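*Asks:* Let me begin by handing over the structure; questions about it come next.
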């Protein structure tokens, strides 16, 4: 396999590049290869010459030229005899290092990596007894973006399902008052806003990543609820009013709360899009969400508002809601076939008395269900204890999951399944988790290593390394070392190695010292580096995160300029910051929103109830997602931030209607709040869940996390809106004092009604009342 890899050729005009042309060179101008290759070559030579005295030790072995070779991260699943002699090994890891010094070299190296994967897979087919897992520097990026490609047909299925259900949710048996087009146009409004944001991001040079898959669902939850709320407000207006008056009433009733929730979305995601967020993927996601939400607000005001006016005129003229043709009078329909009468069923205003006119929209299934059955059932005295008991069970399971929450540290959580990253990561964790990656410790300035004051400075800024005994050994060595400028390199490095290898926590140490000659043959140490490997266990990977954070802080504050690096630190750093930064931003945005809304809401009690509801929902989502084996990583934290806004979107109108209600009892206002806002919440929830279901089938760990988090957010919020809040609000503050009006027969009102009738139709279009 090694020979096949080194023979790979990248064809370019006029020249064929091999591994020897693009590899990183050693001091003797030969390609750097893993030491395990030299070990295997010597083992092969020993067998060919029938020598039996050659033995491999673990994790350090000796080559024929006397060099010590560390193989802890190159041999996996090792079984040893006495004295660390290797009996067998289940896995071998080979690493090839390529140069990227210019654009041509980088292009050739990228092509070489692609051929490398094909070569290994081809070699696998002819050697089926050995399982091989190729992985390159671009594998993670390719597998991360692969989620978008494998999600396409599932997203199309989701769109079809949402369109179908949105149309059904806005339809009713009455062909005049039914609004199927508004269901479709509401979804079109959300889609236009999402496409506008995507276009702006592309035009401004933004980079696409697979986290953008969550943006359509962010828009679906917020945008559709706003359009359904406007439609629900339309149903509350009087049919004898002019379309302009009904539209004005709709905007006055629904757009204030929609404007406030939109502002909350913009603030939350705006902070996430700011420089405070140090994760580029999360920052671009929040930026895209901000743009989409802003344009969705504009489109709802303009495009959807105009669509509502247009369908209002259709309803006002008694035209069919789908075909836009005039609906004939009942006496004319009697002469038509049954299917024709079914399609053109409508209730005319002159056919109803005043008491029935306000109930013309009750034929809508969801309106009828909530008003006739659910509101009375959920506020029933015998139902309330079971709801409270169910809530206690909910809190118990949420607490159980919350105590087990863990931060995500597996790269496979952000890529599609059945990819090279998944296979390689699983194999590496299984076979090579006993030792940490090789950590490079670089001192990149010329310092006087033999100077006692310099040694004390190093010691002063490394007091945080209490748990890292290898560094203490290094400092103790510096204290005792009294090196002059003429001391040979070998003496310096030998003493340094002996000091490190006395430490049991450290498996291997190697070093390089760069000398430069000064005037009069004086020697100056320009830079030095050490390669360190710590013993770790697969279940204690957080030790590496602690090491990374400690080293970073010290490198910023220490007088001695040094850096630490390993390629895996890039991903460890990503996961270390993927939770802290979004949580910090969400806390800042939550405090700002509480302060901001305190000046806008009519009653401070709304803020109190809303805060408690959001806390309850977020607590439950975190607990249940942990029980569902979802770790706290970048994707789940972004979903939790969205969950705050989603909860406010759905619960704020309910709480506002209840708190601001006067006169009647708590139970009456709970029913009223559900009747007014419950239909819009239920319609939005059904469309949202139906849109999420296809996401569960996408073969990707990223979408799996996205589905589980968003599903839990929607489910728990729905549970609070339709069960917890309606029950708790009936026996907790605020109190509702029923005000009795005194009837005085002497104080009578004289009312004069003047009706203004459109001469072209029989509809009353305006009414003036004087007292």
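Glycine is treated like the rest: Cβ placed from N, Cα and C.
Note that this is a predicted model, so its numbers are computed, not measured.
What TrEMBL records for this protein is below:
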- 151-310: domain 'SSD' (DOMAIN)
- 154-174: transmembrane segment (TRANSMEM)
- 180-201: transmembrane segment (TRANSMEM)
- 208-228: transmembrane segment (TRANSMEM)
- 248-269: transmembrane segment (TRANSMEM)
- 382-403: transmembrane segment (TRANSMEM)
- 582-602: transmembrane segment (TRANSMEM)
- 608-628: transmembrane segment (TRANSMEM)
- 676-698: transmembrane segment (TRANSMEM)
- 710-732: transmembrane segment (TRANSMEM)
*Asks:* Report, as numbers and ranges, which residues of the same chain sit near the transmembrane segment (382-403): CB under 8 Å and 6 or more residues beyond its ends.
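*Replies:* Counting only partners 6 or more residues beyond its ends, the transmembrane segment (382-403) has Cβ contacts under 8 Å with 619-620, 622-627, 719, 723-724, 727-728, 730-731.
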*Asks:* Against which stretches of its own chain does the transmembrane segment (710-732) lie, if we need a Cβ under 8 Å and a gap of at least six residues from its ends?
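*Replies:* Counting only partners 6 or more residues beyond its ends, the transmembrane segment (710-732) has Cβ contacts under 8 Å with 214, 217, 221, 374, 378-379, 383-384, 387-388, 390-391, 394, 609, 613, 616-617, 620-621, 624-625, 628, 639-640, 642-643, 646-647, 650-651, 654-655, 658, 666-667, 670, 673-674, 678, 681-682, 685, 688-689, 692, 695-696.
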*Asks:* What mean pLDDT does the predicted model reach across the domain 'SSD' (151-310)?
*Replies:* 88
